[in-house]
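I have a structure I would like to understand better, so I am pasting it below and will then ask my questions one at a time.
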Amino acid sequence: MNRLIIVFIVVTMICAATALSTKRRINKEEKDEKRSVAVAGAVIEGATLTFNVLQTVLKALGDISRKIAVGIDNESGMTWTAMNTYFRSGTSDIVLPYEVPHGKALLYNGQKDRGPVATGVVGVLAYAMSDGNTLAVLFSIPFDYNLYSNWWNVKVYKGHRRADQRMYEELYYNLSPFRGDNGWHNRDLGYGLTSRGFMNSSGQSILEIHVTKA
């Protein structure tokens, strides 16, 4: 009888431990799923990158006059590894998603400097691609729309190169940036890649880019 009681207790403890482990795993999966839906800093399925997702990322920043949500879909056949973001003005509390495999999309955001300051959010982000080159993306949301407009750009640089002031100047002034005009624009990036991107004209902007094999 005592042996039966001991066996019963052991089985009960094993079942309870298994149930607890399963519950924790399910909770973790639910949290990961929620995070992958529309959170800046997340990597999501490329096919799910939409305007609605970016609007959710943008809304999470709160009531800020100059802000941007960025989504970049990797259909290049390569893996991207984050290098850095260079801000000409503005900032972000989000770390660039470190690794973006083929078929996935990264979500990122930026905002004007905090406080009553007359700045926009302008910067460049850089990703090292597994072929040894660099994907660079420019976003520019000005403070004063009497003088400036929204602009964006995308380029593949040969070799690995971090984002900096020089890269910003090249992409903004010299390499035919696209105006944020509420329309789609296509570009041959070279190296067997092409891009399709959209930016709106608002001070609370979204930038959606798809990088695919040519």
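Glycine residues also receive a Cβ, built from the backbone N, Cα and C atoms like all the rest.
For SER89, VAL122, SER140, PRO142, TYR168, TYR172, TYR173, the entry in Swiss-Prot reads phosphocholine binding site, with the evidence type similarity to another entry. Here Swiss-Prot flags 38-47 as region 'Plays an important role in the hemolytic activity', drawing on similarity to another entry. What Swiss-Prot lists as region 'N-terminal region' is 46-65. What Swiss-Prot lists as region 'Trp-rich region, which is important for the binding to lipid membrane' is 140-155, and the listing cites similarity to another entry. Taken from Swiss-Prot, the feature signal peptide applies to 1-19, supported by sequence analysis. Under the heading site 'Important in the initial contact with the lipid membrane', Swiss-Prot lists TYR148. Annotation comment: Swiss-Prot describes ARG179, SER195 as site 'Interacts with the lipid membrane', evidence class similarity to another entry.
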Tally the residues of the region 'Trp-rich region, which is important for the binding to lipid membrane' (140-155) by DSSP class, grouping H, G and I as helix, E and B as strand, and everything else as coil.
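Helix/strand/coil tally for the region 'Trp-rich region, which is important for the binding to lipid membrane' (140-155): 0 helix, 7 strand, 9 coil.
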Which one is it: of the recorded positions SER89, SER140, SER195, which Cβ has the fewest other Cβ atoms within 10 Å in this structure?
SER89
Applying a 10 Å Cβ distance cut-off over all chains shown, what neighbour count does TYR148 (site 'Important in the initial contact with the lipid membrane') have?
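The answer is 13 other Cβ atoms.
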Provide, as an integer number of angstrom, the distance between the C-alpha atoms of VAL122 (phosphocholine binding site) and ARG179 (site 'Interacts with the lipid membrane').
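Rounded to a whole number, the Cα-Cα distance is 14 Å.
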Note the Cβ centroid of SER89, VAL122, SER140, PRO142, TYR168, TYR172, TYR173, the recorded phosphocholine site, then list each other residue of that chain whose Cβ lies within 8 Å of it, in sequence.
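Those within range, site residues removed, are ARG88, GLY120, GLY123, LEU138, TRP151.
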Cα of PRO142 (phosphocholine binding site) to Cα of ARG179 (site 'Interacts with the lipid membrane'): how many Å, rounded?
12
Mean pLDDT over the region 'N-terminal region' (46-65): what is the value?
97
